[in-house]
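Structure record follows, encoded as structure tokens.
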Amino acid sequence: MDPKSQCLELNDGHLFPVLGFGTYAPEEVPKSEALEATKYAIEVGFCHIDGAHLYQKEEQVGQAIRSKIADGVKREDIFYTSKLWATFLRPELVRPALEKSLKNLQLDYVDLYIIHFPVALKPGDELLPRDENGKIIMDTVDFCHTWEALEKCKDAGLTKSIGVSNFNLERILNKPGLKYKPVCNQVECHPYFNQSKLLDFCKSNDIVLVAYAALGSQRLKGWVNLNHPVLLEDPVLHAIAKKHKQTSAVIALRYQLQRGVVVLAKS
């Protein structure tokens with residue numbers, strides 16, 4: 001499949017490539033690898049790059065994008081997603097957060113800006129602010145006001161589209177005076193966690209479901225029960241892959257694409 005020719009139309013009219021490259025990596029992975037991996041992803045055909053302030057690699061990812069633009073790739077042929085982190089959910093912090101990402105990326109706009117997580121944390125420089133006892137410090141935010149700030153960022157041309165991640169969409173869709181609907185909801189989604197009810201809800205509201213961990217949850221202690229089966233070792237996937245002379249990973253991704261789900265091949 002040629003990812004460049006595969007797009008869904010978002011509810012605001014923009015085109016969304018169905019196969020994306022996620023730029024998250026654990027802290028122990030050198031940031032320089034984000035630069036090389038993103039450049040390689042674009043070289044092999046990925047035009048949808050998924051990033052976030054939380055990943056702390058937007059400077060390197062932006063460098064990779066600009067490098068490929070210098071090689072002749074058009075900016076409009078690259079779809080870049082960034083995410084608003086939980087310490088910037090107060091309305092007055094939304095635009096400065098996006099502008100900070102744009103500065104790190106050295107880009108004039110992002111194609112999609114989404115609220116990363118529906119939990120507000122204390123504003124500040126720390127990604128995970130903690131008190132003297134090591135407890136995460138929360139914040140109180142009205143997400144409808146946060147959404148209004150995102151709408152203003154879209155109107156200002158800083159982002160072409162706006163959406164959410166890990167969200168209960170009704171919180172936004174039921175907002176009085178809603179100007180723009182979320183174009184997407186990015187969630188964990190794979191054959192072991194197929195999100196069928198959420199997918200039906202999204203489709204009925206013209207919202208695209210985006211799957212992270214599309215090849216299975218991260219095998220990290222604290223994130224997943226390490227005694228649970230590994231998705232890519234699933235015998236059903238193996239059997240289908242063998243029948244079609246493909247890999248289990250390709251089958252897992254194809255499963256999502258046929259459901260109308262946008263997938264991040266790495267996240």
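The chain as shown is numbered from 1 upward.
Cβ coordinates come from backbone N, Cα and C, glycine included.
Worth saying up front: this structure is predicted, and the values here are computed from it rather than measured.
Here is what TrEMBL records for this protein:
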type	residues	note
ACT_SITE	Tyr55	active site, proton donor
BINDING	His116	substrate binding site
DOMAIN	19-264	domain 'NADP-dependent oxidoreductase'
SITE	Lys83	site 'Lowers pKa of active site Tyr'
Original post:
Considering the recorded positions Lys83, His116, which residue's Cβ sits among the greatest number of other Cβ atoms within 10 Å?
Top reply: Lys83
Original post:
Helix, strand or coil: which one is the residue listed as 'active site, proton donor' in, per DSSP?
Top reply: helix
**OP:** Please work out the number of neighbouring Cβ atoms within 10 Å of the Cβ of Tyr55 (active site, proton donor), leaving out its own Cβ.
**Re:** 22
**OP:** Could you pull the average pLDDT for the domain 'NADP-dependent oxidoreductase' (19-264)?
**Re:** 94
**OP:** Whole-number Å only: compute the distance from the Cα of Lys83 (site 'Lowers pKa of active site Tyr') to the Cα of His116 (substrate binding site).
**Re:** 5
